[in-house]
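S.K.: Found this in Swiss-Prot, in case it helps:
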REGION    81-478  region 'Carboxyphosphate synthetic domain'
BINDING   Gln361, Glu375  Mg(2+) 1 binding site
REGION    479-623  region 'Oligomerization domain'
REGION    624-1012  region 'Carbamoyl phosphate synthetic domain'
DOMAIN    748-946  domain 'ATP-grasp 2'
BINDING   Gln898, Glu917  Mg(2+) 3 binding site
REGION    1013-1144  region 'Allosteric domain'
Amino acid sequence: MALWATSMRRAIPGISKAFLGSNRVLETAGVSQLSKHLLPQWSGVPHRKISASATNFNDKVKESNTPDANAYIRSGHIKAAEHEKVKKVVVVGSGGLSIGQAGEFDYSGAQAIKALRESSVHTILINPNIATIQSSHSLADEIYFLPVTAEYLTHLIERENPDGILLTFGGQTALNVGIQLDDMGVFARNHVKVLGTPISTLKTSEDRDLFAKALNEINIPIAESVAVSTVDEALQAAEKVSYPVIIRSAYSLGGLGSGFANNKEELQSMAAKSLSLTPQILVEKSLKGWKEVEYEVVRDAANNCITVCNMENFDPLGIHTGDSIVVAPSQTLSDEEYHMLRTAAIKIIRHLGVVGECNVQYALSPNSLEYRVIEVNARLSRSSALASKATGYPLAYTAAKIALGHTLPELPNAVTKTTTANFEPSLDYVVTKIPRWDLSKFQYVNREIGSSMKSVGEVMAVGRTFEESLQKALRQVDPSFLGFMAMPFKDLDNALSVPTDRRFFAVVEAMLNQGYSIDKIHDLTKIDKWFLSKLANMAKVYKELEEIGSLYGLNKEIMLRAKKTGFSDLQISKLVGASELDVRARRKRLDVHPWVKKIDTLAAEFPAHTNYLYTSYNASSHDIDFNEHGTMVLGSGVYRIGSSVEFDWCGVSCARTLRKLGHSTIMVNYNPETVSTDFDECERLYFEELSYERVMDIYEMETASGIVVSVGGQLPQNIALKLQETGAKVLGTDPLMIDSAEDRHKFSQILDKIGVDQPAWKELTSVAEASKFANAVGYPVLVRPSYVLSGAAMSVIRDESSLKDKLENASAVSPDHPVVITKFIEGARELDVDAVASKGKLLVHAVSEHVENAGVHSGDATIALPPYSLSEDILSRCKEIAEKVCKAFQITGPYNMQIILAQNPDKPDTPDLKVIECNLRASRSFPFVSKTLGVNFIDVATRSIIDQEVPAARDLMAVHRDYVCVKVPQFSWTRLAGADPYLGVEMSSTGEVACFGKDVKEAYWAALQSTQNFKIPLPGQGILLGGDRPELAGIAADLSKLGYKLYVANKDAAKLLQPTSAEVVEFPVKDKRALRAIFEKYNIRSVFNLASARGKNVLDQDYVMRRNAVDFNVTLINDVNCAKLFVESLKEKLPSVLSEKKEMPSEVKRWSEWIGSHDL
């Protein structure tokens, strides 16, 4: 059987491992009595013989019927569980999105809260991430927008008196704080029960020493390793296990603080850095080049276990799984390997005592049955979100039910409605996950990828073959990727052997253009030859299309072969020299079209009512009927810098309102981390590309009633006009108007026409013209391309010599659209206006104030609402501008404007208001303004878009509020080795957090502590000051009065601070180890670096100061206005921090207490 399965898989291209099934018998309860009576083998073919006792059981359940939960319990073989008697449970969220911990925890936390509410448990969520779905009022009973720290959670527990807490749905943040609270005795003192996996198990899985001992007890092999807590111990350990070694950190996230060391020097600097981030590291023998395989396993308290999904990394061990291409189910494992690792996973989860979901990662030798366990995550993780979406098995929901004491056999599968949760999913399709990196946004960043994660998001594609699935995924990662495509490299062998974010394209280049054999590529990359043979299939079809060279050479056979191999219309059009629309028309004439298939978790072996859908050309029938004519909502696609969970909140809010108003909804999205791709958010969910081709295919097949393009960020906007021009009904604002607002030239002309002020601007066609204009208006100037998200290629230029490079860069971003150059106004304030209109009339709006001056991207800005320093006159002028703009563009739906407030020398009392940007779609601040003001802007926008139950206009800014909410950015600088932590017009934050307070200082104080690893420096500790801003003197004077010891790196900086004195310390810019010793010697716990420009190179003192503050895990403040606000917050809040009498801070309040009602 094993040989048959393996040979069949190799013989039939793309046949999925799980499709062959190969005797995946349910591994269930440890009680032998129970295992005899469970239904055998429903998750694959062929079936095993049924034992007599099992047959008796089947007589009761009737083998022909799909099993159901009640039948299991009625059979008498399984008792219903004793459920946890909890009435009020705290769910701990994960905080702001960062590299290594992203939207997957919004999805898992939201599912957990749904599961608790179903069981009539009162839920209290603590999560400062205001952009999440889980922090919407319709889910948890009460929400605290507060830092997920031991201090704030203790206050919450004392205030709310819960009887249970869930720690496994908030990533590493929740897990770490839970362990901390347990060590402090907070749970025991307050009689709070940790639900699900016990704390002792969490500690064992996180502490590398305990973990190694636990696995040795059951003879499970792990890589030879030594746990250490000092640099000297690390060096001794490396001698013991021998180089090369890998360092892994305890209690860390996404491989933070891990890496490979080939010698003593590399290990010394790496160990020092890792130990500044985490108390313990593991020095382990490197297994680079082995296969990496993962299993997602679920266990309940009655010891029932199932493996939900196994996944295989396309990349060999050595690249963090979060930065790897991952395929599910595994494609290259033999049946023996599959079962060996599956059995080990179940053995591990039982021995550790996990109650809920668990992820086991293995290294598997490519040449033998030898394997090692790399790590176990005894919590929901990024891989669990992927496994859940890949199989359709609601992992987080099931884990939450198990935490309440339910067993797997008694839980119905919430997705299929016909099976129990004790069913192992079976797949008749292939899923491919590819990470998304945004490394090009960062100056000096190292592009190499290794054991520490750097990607900011991921995509998931579903196809019936590996080729189809992979090509879809490649296009989903970035609209500029056509799919299977090559990129040129100066040193191709190096690009293949040293992995970077572009390595895949180096593999294609080697195969397609340089004639490298599969063996040679395998030797350089260690990628399995099975995967490389599939790439060779794609290369063959690619060349075939290239040789045809014309549209009319495309016959049905070649067209079908290309589509089955995953080629898009656009990709084919480039290869045959035609337009995308021509290829589409020819394809339809040849009657080649995609088929809609279900992800039903049962490989169609049982009827399942599921709404998870995908399209494939490797099929011959549809799995569904098209008679609902639903409204399509286009999601936001992959999370990347500039487009993140905020847009998922918008998409889900829109779909929920549509359903509330009686509309059937069709969601199109491909991001496995999102709530929008959850099984119960829409009538139909297409896990599909957000390309013109695929959206139009779905629109035509579904005969949809319309498409909403304004809630998914930039991707849907980019295809809106083309959809409308080819017959689709785009709902809301006319795409021609969207185009006018996106094109900087058209947009500026319209503003001039309606009398709305803007900075001086000019459309550019040559560098000479640009130079002439810049000299006329005076430097600095801002170069802005059209159609961008998060300020890509937008630059402030301060002199003529920089102009040429920047302009060429901007042209590369959007070659079809002209570039506009604008006068950049230094020292101006910036405001955000978020609004909703209906047929050109303003319905609601919010005016938020940036703390930083204009010049910092709005996505990286600290934003306060209600504004804390704006006059009534400025607010009414902002409203007037919002009204003029929505009338001019005839807006129906959401829109956002950025306005700068600049001093007018002629009228000092009346500052100028100039519009610098306008997006005719929802912006990333929509969840923030909605939750702060208590009105869901997307709900209002959706009603406006479909012209149904549109609410009357309201001026929300005229209402007096006795609170302020402050949103601050979450950066992931620690992940991006070498990147300069400097704020500018190009966005670099990966997430956001927001907190409420009685004033801006209190809200900012709480919000800062909500960001990852932010530590408040205490009086008596050292603060290092740097930069050239004159405001440093006043800030230093205040810090000195508060009792901090001040240090500077040179005499010029010391002069700048006068009359406040600061000690000049040695500052070796080239010697990181010596610099670390100086930070330790002077107990430097914070760096205030207020430089007016980026460093010219990596030896620039300000750059070194900022970068090493991040590397040494020291609090960094890098903006003048934020520094001033932070000092004001310290003055107000330090007395209570230092007081021995610990009182409840005034910011510890429920969201409902702040906003006063659930207007949302």
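From the backbone N, Cα and C atoms, a Cβ is placed for every residue, glycine too.
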S.K.: Please report the three-state DSSP label of Gln361 (Mg(2+) 1 binding site).
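M.R.: Reduced to three states, the DSSP call for Gln361 (Mg(2+) 1 binding site) is strand.
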S.K.: Would you mind checking how many other C-beta atoms are within 10 angstroms of the C-beta on Glu375 (Mg(2+) 1 binding site)?
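M.R.: Other Cβ atoms found within 10 Å: 19.
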S.K.: Give me the Cα-Cα distance between Gln361 (Mg(2+) 1 binding site) and Gln898 (Mg(2+) 3 binding site), rounded to a whole Å.
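M.R.: Answer for this pair: 46 Å between alpha carbons.
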S.K.: For the region 'Oligomerization domain' (479-623), what is the mean per-residue pLDDT, to the nearest integer?
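M.R.: Taking every residue in the region 'Oligomerization domain' (479-623) and averaging pLDDT yields 93.
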S.K.: Could you give the Cα-Cα distance between Glu375 (Mg(2+) 1 binding site) and Glu917 (Mg(2+) 3 binding site), in whole Å?
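M.R.: Cα of Glu375 (Mg(2+) 1 binding site) to Cα of Glu917 (Mg(2+) 3 binding site) measures 47 Å after rounding.
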S.K.: In the region 'Oligomerization domain' (479-623), how many residues does DSSP call helix, how many strand, and how many coil?
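M.R.: Going through the region 'Oligomerization domain' (479-623) residue by residue, I get 74 helix, 11 strand, 60 coil.
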S.K.: Just jot down the residues in the same chain as Gln898 (Mg(2+) 3 binding site), at least 6 apart in sequence, with C-beta under 8 A of its C-beta; none if empty.
M.R.: Glu830, Leu831, Asp832, Val833, Ser858, Val915, Ile916, Glu917, Cys918
S.K.: Mind giving me a neighbour count for Glu917 (Mg(2+) 3 binding site)? Other Cβ atoms within 10 Å of its Cβ, every protein chain shown.
M.R.: 18
S.K.: Do you know the DSSP helix, strand and coil residue counts for the region 'Allosteric domain' (1013-1144)?
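M.R.: Looking at the region 'Allosteric domain' (1013-1144) with DSSP, the answer is 57 helix, 22 strand, 53 coil.
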S.K.: Measure from the Cβ of Gln361 (Mg(2+) 1 binding site) and count the other Cβ atoms within 10 Å, all protein chains considered.
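M.R.: Around Gln361 (Mg(2+) 1 binding site), other Cβ atoms within 10 Å: 21.
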